[in-house]
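Student: Got a structure for you, questions after.
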There are 2 protein chains.
Amino acid sequence: MRKSIATVSLSGPLSEKLTAIATAGFDGVEIFENDLLSTSLSPEDVRLRCADLGLSIDLYQPFRDFEAVPAELLARNLRRAERKFDVMERLGADLLLVCSSVAPESLDDDALAAEQLRQLADRAQRRGIRIAYEALAWGRHVDTYDHAWRIVEQADHPALGTCLDSFHILSRAGDPGGITDIPGEKIFFLQLADAPLMAMDVLQWSRHYRCFPGQGGLDVAGVVAAAVKAGYRGPLSLEVFNDVFRQAGAASTAVDALRSLLLLEESAGLAAPPAAAAPSGFAFAELTAADTEPLRGVLGALGFSRAGRHTSKPVELWQQGEARILVNTGAGGHRGGPALAAIGLETPDPAQAARRAEALLAPVVPRRRGPKDTPLDAVAAPDATQLFFCRTGKPDHPSWTDDFTGLPPTHAEPAGGVSRIDHIALTQPWHQFDEASLFYRRVLGLQADESLDLADPYGLFRSRAVAGPDGGVRIALNVAPAPGEENVRFQHIALATDDIVATARLLRERGAGLLPIPDNYYDDLDARHDIEPHLLRTLRESGILYDRDETGEFFHCYTPTIGRVFFELVQRTGGYRGYGAQNAGVRLAAQHAYQHGV
Amino acid sequence: MRKSIATVSLSGPLSEKLTAIATAGFDGVEIFENDLLSTSLSPEDVRLRCADLGLSIDLYQPFRDFEAVPAELLARNLRRAERKFDVMERLGADLLLVCSSVAPESLDDDALAAEQLRQLADRAQRRGIRIAYEALAWGRHVDTYDHAWRIVEQADHPALGTCLDSFHILSRAGDPGGITDIPGEKIFFLQLADAPLMAMDVLQWSRHYRCFPGQGGLDVAGVVAAAVKAGYRGPLSLEVFNDVFRQAGAASTAVDALRSLLLLEESAGLAAPPAAAAPSGFAFAELTAADTEPLRGVLGALGFSRAGRHTSKPVELWQQGEARILVNTGAGGHRGGPALAAIGLETPDPAQAARRAEALLAPVVPRRRGPKDTPLDAVAAPDATQLFFCRTGKPDHPSWTDDFTGLPPTHAEPAGGVSRIDHIALTQPWHQFDEASLFYRRVLGLQADESLDLADPYGLFRSRAVAGPDGGVRIALNVAPAPGEENVRFQHIALATDDIVATARLLRERGAGLLPIPDNYYDDLDARHDIEPHLLRTLRESGILYDRDETGEFFHCYTPTIGRVFFELVQRTGGYRGYGAQNAGVRLAAQHAYQHGV
């Protein structure tokens, strides 16, 4: 179906919004009135700009507080409407959104509302314009879509139809099933927004917390499916008021917006992009570094060996068990020191995974490689982390490891007991947290946990994990508290060990410290969990954090941060599937203290 | 009364919080458990640090999910409590907060809860510790203060009392009147927090939106008065969970916190700082500038004359009617160009106004002046704007104008019709918006309007006006959307004219432009207000914005921004008291466009 978006959903001036919308690939726009009032472009200029960009103007909105008023006020409202028809003529827009009235002057009289809307539609029709009447969830007398439809039906005018809005319907727990009772040709427009489930005033909820479909908790696909079943053939159009998107860049928000509509079409059974081929494990994590010495030190101390070198690029492969870390000195490196640049994901069908991601607007990573290098399927996640879809060492598929020549181990010391990458934590730009979880969940096919708010000494730290069904891939998506620091994003790689005490001891013996954990933490651990004294002493001496749930236990500890990256060691017992969220506050405070030398 | 604050109310590590709390002038602290767990200081270290800083440790908190559980779990909970008593002994804390249980295992059995709390109190008493039992608003079975008190009464143990928390009481619309039925000596502790009135889930409301008393909408003073009437003599203690304070600096937040307690004491009739002497008008606005040329240009075009020069400082006085602008080239000047540094307020009793502000923790401005200069009463507002309390040209008081020697007018052109300063708009640091309105309202004695959210192209722009009863002083407190840009704060001075069209024409004739307003705005103005065509044309040609309400009309226009400051011209008719909020979106977009040359 055609895809459209209201200009209010993006930040910046109208001309930049239109460019971002067209560049992302939308077919049309709803022109939000305030955006037109705020631009120095005339309506004719906007019309030309949209035509140049290949965008249709699908709706002009909103027209407020029109219907069911005393006669004198009706005359004023009709005059007001004619002035807006003038603007629409200049714009070349032929559909006007009329929201149900919130004005104290409006009367609770459906027949009067229908009669006055009929008059409005009559005048509109003479100008070649149609009217889409929509129930606001907080309308004074009309606040449900079926009520709005009854009035439209009663008015019975060819230039009058209804506009459905998923937020207004679902925020009041309305049953979208009744949509199929509306003749499809009388649904003039369909606006779509999701929202996180929040117990709060619906007007505030709508104005500040709407989000793109799939990012929240409403069944937007159910509304779309019902409208299509009813016969609606107009555009799917996003109308999102969101405090975060208001501040984020229009270009990336527009791409995220269109991706959410593509996924919504899939959910509603209206389109079938290539199916997800969910990853089953980590093939590698790739770090960029200008100076490799600090990384070599900690990797060596963790028991990794340098196992290979790329045949055409300055990339080293460090390996221990199935855990593989690439150290890339050719990518320029960040001024802030080593950083995580890419993740390799073991994928049953790498080409299909890449096709799906590409169809869902993930930028394909340019495959700069030597003539003999193995072809790689790779895309960029919303935070620009590169995702490589791999089949490591499988005879049915070229393996990225074929591009590495083996090297003798760099040290004779024993390995540290690390068996594989347990999880990777990626700090997201603050305005892309919801988009990131939608991406990893729906584009890659992972499952998302609940979002958690964790206490950092300098604010709240949000975290949401996505994982494959068997736990082979786990990614923790985080967003740090300070919006000013989005360019300093720390990531970490958690390595699984079967004997964390031994691995931690090796690290210490090899001179690579662990993050010191305050003594007070262990007193509390004892109070809460009544831990066996010998174990408690060991944890305390090693700086190992501990958590348990009804299924098992979790032990973890951290290396100091190198540049923008650090390592975590984790040991899971039983069925523990979490990440030790209980300990996040203490760990974050310890990292702040360590960074600032407190 | 003694004043205390929970460490969770401030950002940063525990040691920095304690320093900020002591420096602000608090008497004691509540140690929040997570702050202790996250510090490398031992409990003994914390005890010493507090003693050094002159802070008593008034409470250790929280102890959760204790009461009304099966026997096996009781044993575990008692063991857990003993471990916490160990910590408290090391801390030297003798009061433990126990929150009503939220655990699914807890039973709805008051007698059992009382019996188990009695056992806990018995063990506590042996360690010299007392227990304060508090009802959480979302407790599983106990969620009101009177219910918690009934259980405490039933347990009847000298080491067991109740803790009252204004948020938990008032967030559920509880009647604090029943507090006076509790014997004062059984109220072991009183925690205080305010919150803006919001229709949302009470747990989320509590965790993210609590604020300091006076910043929100709850009658915290009523709770304090009732507790004091009941005989409570312990500390007034703040416990505030707030997403903004979590990110703001601890030192300034601690001062704001203590100020709110001082004002709360005044509201509750427990203290009487010098009474407010509300200002009646603007004596002057002072701009700092390294280069005065751009300012002289616009002031001259507006019709101001240079009317005097300070006898000992490089400050010029520009005047038109009763509007006076000081241009100070000696303050160093900001790199960003001219900025607003100070406001002079006509005050009936300048010395008393300064004494009140000083008693309420406003820093006194150092009075660097020449030996013959007039003494000035001046303090700094929370955003560091200097406020001078003045009596201009009154025989009963020295006047700041005495320090200026008259000068012949700088130009022979006619004045521009400006009669006085209508209002001044001050952009606040994003984390001090609520504090600023508390300061101007309660310290200075102005009235506050509602807070408004206005649409800026790059986010929401919050605005709240404070004004004297007769409109002689109006200050608009704003906070701009992007938290990263708090160091670039724009302020503006609005000048009243009786003929804005003539004043705007003079500006144009003198080559000083006005902010261009989009044509589309005027089409909408006509649609909404059916404005007389000649007037509409004049507004359109002059770039004058328009608003009206049931009492009168408002006309306003803007100069371009010079450095960090711009001027607004305003004309009010009838009883219009607002600021043209309806036009803010268009104006902000026009300013962004002008700044970026779009």
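Glycine too: its Cβ is placed from the backbone N, Cα and C atoms.
Automatic prediction, not curation, is the source of TrEMBL annotations.
Worth saying up front: this structure is predicted, and the values here are computed from it rather than measured.
As annotated by TrEMBL, coiled coil applies to A:71-127. The divalent metal cation binding site feature in TrEMBL is assigned to A:Glu134, A:Asp165, A:Gln191, A:Glu239. Positions annotated as domain 'VOC' by TrEMBL: A:281-392, A:420-560. Marked as Mg(2+) binding site by TrEMBL: A:His423, A:His492, A:Glu568.
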Student: How long is the line from the C-alpha of A:Glu134 (divalent metal cation binding site) to the C-alpha of A:Glu568 (Mg(2+) binding site), rounded to the nearest angstrom?
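Tutor: So the Cα of A:Glu568 (Mg(2+) binding site) lies 53 Å away from that of A:Glu134 (divalent metal cation binding site).
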Student: My understanding is the cutoff is Cβ-Cβ under 8 Å with a sequence separation of 6 or more in the same chain; which residues meet that for A:Asp165 (divalent metal cation binding site)?
Tutor: A:Glu134, A:Tyr145, A:Leu190, A:Gln191, A:Leu192, A:Ala193, A:Glu239
Student: For the binding-site residues A:Glu134, A:Glu239, A:Glu568, which one has its C-beta crowded by the most other C-beta atoms within 10 angstroms?
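Tutor: Within the set of binding-site residues, the most crowded position is A:Glu239.
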Student: What same-chain residues, at least 6 away in sequence, bring their CB to under 8 Å of the CB of A:His492 (Mg(2+) binding site)?
Tutor: A:Ile424, A:Ala425, A:Tyr558, A:Val565, A:Phe566, A:Phe567, A:Glu568
Student: Select one residue from A:Gln191, A:His423: among these binding-site residues, choose the one with the most other Cβ atoms within 10 Å of its Cβ.
Tutor: A:Gln191
Student: Within 8 Å of the Cβ centroid of the Mg(2+) site residues A:His423, A:His492, A:Glu568, which other residues of the same chain have their Cβ?
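Tutor: Going along the sequence, the neighbours come out as A:Asp422, A:Ile424, A:Ala425, A:Ala476, A:Ile493, A:Ala494, A:Leu495, A:Phe566, A:Phe567, A:Val570, A:Tyr579.
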Student: Quick check: with A:Glu134, A:Asp165, A:Gln191, A:Glu239 left out, which same-chain residues have Cβ atoms within 8 Å of the centroid of the divalent metal cation site Cβ atoms?
Tutor: A:Leu97, A:Cys163, A:Leu164, A:Ser166, A:Phe167, A:His168, A:Phe189, A:Leu190, A:Leu192, A:Ala193, A:Ser237
Student: What are the DSSP helix, strand and coil residue counts for the domain 'VOC' (A:420-560)?
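Tutor: For that range the per-state counts are 48 helix, 51 strand, 42 coil.
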Student: Please spell out the DSSP helix, strand and coil residue counts for the domain 'VOC' (A:281-392).
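Tutor: Counts, helix then strand then coil: 20 helix, 46 strand, 46 coil.
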